[in-house]
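The structure under discussion appears below in the form of structure tokens.
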């Protein structure tokens, strides 16, 4: 079939298997060109391994450290002749290239929040890997069923007051104002349950209790802090409460891993285009302006550059970039005053007429489509391709 992008709001409902493979290969090439990460992990579990920062972490571990990896994700396999999700194609491509390199690369497709998937993951580690020395937690989800069977929903809302935000209607390319009503306490609590640190702690406790964490094992969960422009909807909003919960839970995790001489850290990464960030009303405009400024200043980075740098400089670096709260920081270039001041100045100038001139909206759109395997150099999008791609190392629940 010939596959073209079909975008509905902040989701592309099609994905291109050849394009996704090429995108994964580009990220692998970046890592191999930038060299081995000294002292890196050798047996790695990545939770949320199929897209964005989680995929970049799996690639960095495998191709930067020579690590065997087990990935957990929740993706859609297309029925015969139908399209699979981008994350499915990404994971198939990752496995293909990792196995070619002689690395262990297996995957579990299912709800990482569930006890069933935790049990299956532990069984697989015991059988195939023995013990693991890094756990990357990179889950983003709209809802979570907790161990008691209660379904919690996450919400993107401000706290305390309604907020009117500038943004881009990405379908029409026009600047719009969106007013978001404040979250109720129930919505805040639900968001913390889904996107906070509770499930991360459940994972680490389960792995530790099963004795599958190696001495010196590390774990990290990803977060975003941002600056003034994004803080009403992000850090000071319902999602920010969840991210603050990560900061609380990591202290317990760090204490619990001390007996293994291990460590737990929250890692702060810069704003990038992901399926999660594209759903946040303010982010397409913010990212379009940020890309413009950081590209002009020569500091623009995507997921793979961020995560490879995090591994090399901080997770396994001799002088990790830590802030006063003990977080690892890979986002400092975004927060430079000269970057934020330039973005803020453009923010106040942007209109329908000049949005394509003073922002990199074209770059944002291209990055968004790349998530789904489109706009990748060297891919023939007029070619007939087979949408059915198997993941040979898939472990069924």
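Cβ coordinates come from backbone N, Cα and C, glycine included.
Annotated NAD(+) binding site per Swiss-Prot: 48-53, 74-75, 111-112, 139-140, 243, 272-274, in sequence order. Residues annotated as site 'Plays an important role in discriminating NADH against NADPH' in Swiss-Prot, with sequence analysis given as evidence: 75. Feature annotation from Swiss-Prot assigns substrate binding site to 224; the stated evidence is sequence analysis. The feature active site, proton donor is assigned by Swiss-Prot to 234.
Distribution of Swiss-Prot features across the structure.
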| residue | record | DSSP class |
| --- | --- | --- |
| 48 | NAD(+) binding site | coil |
| 74 | NAD(+) binding site | coil |
| 111 | NAD(+) binding site | coil |
| 139 | NAD(+) binding site | coil |
| 224 | substrate binding site | coil |
| 234 | active site, proton donor | coil |
| 243 | NAD(+) binding site | helix |
| 273 | NAD(+) binding site | coil |
Looking at Cβ-Cβ distances, which residues of the chain lie under 8 angstroms from the residue listed as 'substrate binding site' while being 6 or more apart from it? 234, 235, 243, 268, 269, 270, 271, 331
Within 10 Å of the Cβ of residue 50 (NAD(+) binding site), how many other Cβ atoms can be counted across all chains shown? 25
Quick note, residue 48 (NAD(+) binding site) and residue 75 (site 'Plays an important role in discriminating NADH against NADPH'): C-alpha atoms separated, nearest Å, by 10
Using Cα coordinates, what distance in whole Å links residue 52 (NAD(+) binding site) and residue 75 (site 'Plays an important role in discriminating NADH against NADPH')? 13
Rounded to the nearest angstrom, how far is the Cα of residue 75 (site 'Plays an important role in discriminating NADH against NADPH') from the Cα of residue 139 (NAD(+) binding site)? 12
Tertiary neighbours of residue 74 (NAD(+) binding site) (same chain, Cβ under 8 Å, six or more apart): 109, 110, 111, 112, 141
Other than its own, how many Cβ atoms are within 10 Å of the Cβ belonging to residue 48 (NAD(+) binding site)? 26
